[in-house]
Amino acid sequence: MKRSFLLLLTILTIFIILGQGVMGNDEQLRGNRCFQIKFKTGKCVPKECQTACQEKLRKPKLKGEGFCMKECTCCFYT
C-alpha cells in the first residue's frame, strides 16, 4: 500500500513538472518575441501591418507575422 502511494505520488509530481515546462515554453515563445509597430495614422490596416512587420524583420532574416489588435503587433520566430 505504501509503495503504491509513493509510486503514484512520484508519477504525479513528474507529470506536473513536465506539464509546467511545456506551458512555460509556449508562453515564452509567443510573449517575449512580439513588439508594437505604430503608424502615423494611428489605425491598423492588416495588410500594411504585415508588410511593416516583414520590413522590420528583413535585416536579421527572421520569419514573423503582423496582426492587428488595437495596434499593429509583430511577432517573430527563430
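The chain as shown is numbered from 1 upward.
Glycine too: its Cβ is placed from the backbone N, Cα and C atoms.
Annotated in Swiss-Prot:
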- Cys34-Cys75: disulfide bond (DISULFID)
- Cys44-Cys68: disulfide bond (DISULFID)
- Cys49-Cys72: disulfide bond (DISULFID)
- Cys53-Cys74: disulfide bond (DISULFID)
- 1-24: signal peptide (SIGNAL)
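Structure coloured by features recorded in Swiss-Prot.
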residue : record         : Cβ contacts under 8 Å, 6 or more apart
Cys34   : disulfide bond : Thr73, Cys74, Cys75, Phe76
Cys44   : disulfide bond : Cys68, Met69, Lys70, Glu71, Cys72
Cys49   : disulfide bond : Ile37, Gly66, Phe67, Cys68, Cys72, Thr73, Cys74
Cys53   : disulfide bond : Ile37, Gly64, Glu65, Gly66, Cys72, Cys74, Phe76
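In the three-state DSSP scheme, Cys49 (disulfide bond) is classed as helix. Reduced to three states, the DSSP call for Cys44 (disulfide bond) is coil. Counting every protein chain shown, 22 other Cβ atoms lie within 10 Å of the Cβ of Cys74 (disulfide bond).
Sorting the disulfide-bonded residues Cys68, Cys72, Cys75 by the number of other Cβ atoms within 10 Å puts Cys72 first.
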